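J.: Sharing a structure with you now.
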Amino acid sequence: MKPTRPFHQTPVITIDGPTASGKGTVAALVAAELGFHLLDSGALYRLAALASVRYDIAADDAEALAKLVGELHITFREGIAQLDGADVSTDIRAEEIGNRASAIAIHAPVRAALVARQRAFRKQPGLVADGRDMGTVIFPDAALKVFLTASVEARATRRHKQLIQKGFSANMDDLLRDLRERDERDSQRAAAPLKPAADAQLLDTSALSVDQAVEQVVQWYRALVPQS
C-alpha cells in the first residue's frame, strides 16, 4: 500500500464506522500499540456538555460555551474519558448529557471551538482519532484512514454481549432493529453522513476478533510509515 498524500510531521490515523462496529475499542488499542495519543470525538462533545452542566452555563449561551470548550482539561487514555483529571466515562453516557451535547452543538462558535480542540490533540508521536468527519474535515491529510464495517448481525451480537456484561438486559431482535434504524438515519442525514472517506481503507470486522482488527490497522500503518 502506497501513501496517497503527503505526510504531516505528526501522523494521524482516523477510524470511523457504524454503531457497534468496534471503532472505539480498536482506536484505543491501536493508539496503545503505537504509543499514540487518542481522540474520541463523540465523547468530546459529551464532555463539553457535561462541563456546561457542572459550570452552570446555559445551553443557548454560545459565547460562554465556546470559551468553556477552549479551556477544558480533557484527556483520553485507553478508552477512559477524563475531565479535569477525573474519570467521567460513565457520566457522559447519560441520556440527558447526550441530549445536551446535541443542543450545544448547533451553535457555530461551539462547533468551531470543538474543531480546534480536536485538532489540538495532534501531538507527537502521533494520534489515533475515532469518529465522524475525522478523515474528511478534521484531519484530511491523515496518514491512514480506516472505515470499519461489520454485518448488522455481528454488531448486534457484540452489543448484546457488552450489555449483558454490564448487567443490563438486552433483546437481540430489539438490538437488530435499533441498529438498522440507526444505520439508515446515519447514512441519509445531511450533515456528516455515515460513509467512508474516498481514500479510506475498508475493514470488515464481522469475522475478526478485536486483536485481529487492531493488527490489521497497525500493519497498514507500518506499511505506509516503515520506521514506525
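Glycine residues also receive a Cβ, built from the backbone N, Cα and C atoms like all the rest.
Features from Swiss-Prot:
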- G17, P18, T19, A20, S21, G22, K23, G24, T25: ATP binding site (BINDING)
J.: Select one residue from T19, S21, T25: among these binding-site residues, choose the one with the most other Cβ atoms within 10 Å of its Cβ.
T.: S21
J.: Once the DSSP letters are reduced so that anything not helix or strand counts as coil, what is K23 (ATP binding site)?
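T.: DSSP assigns K23 (ATP binding site) to helix.
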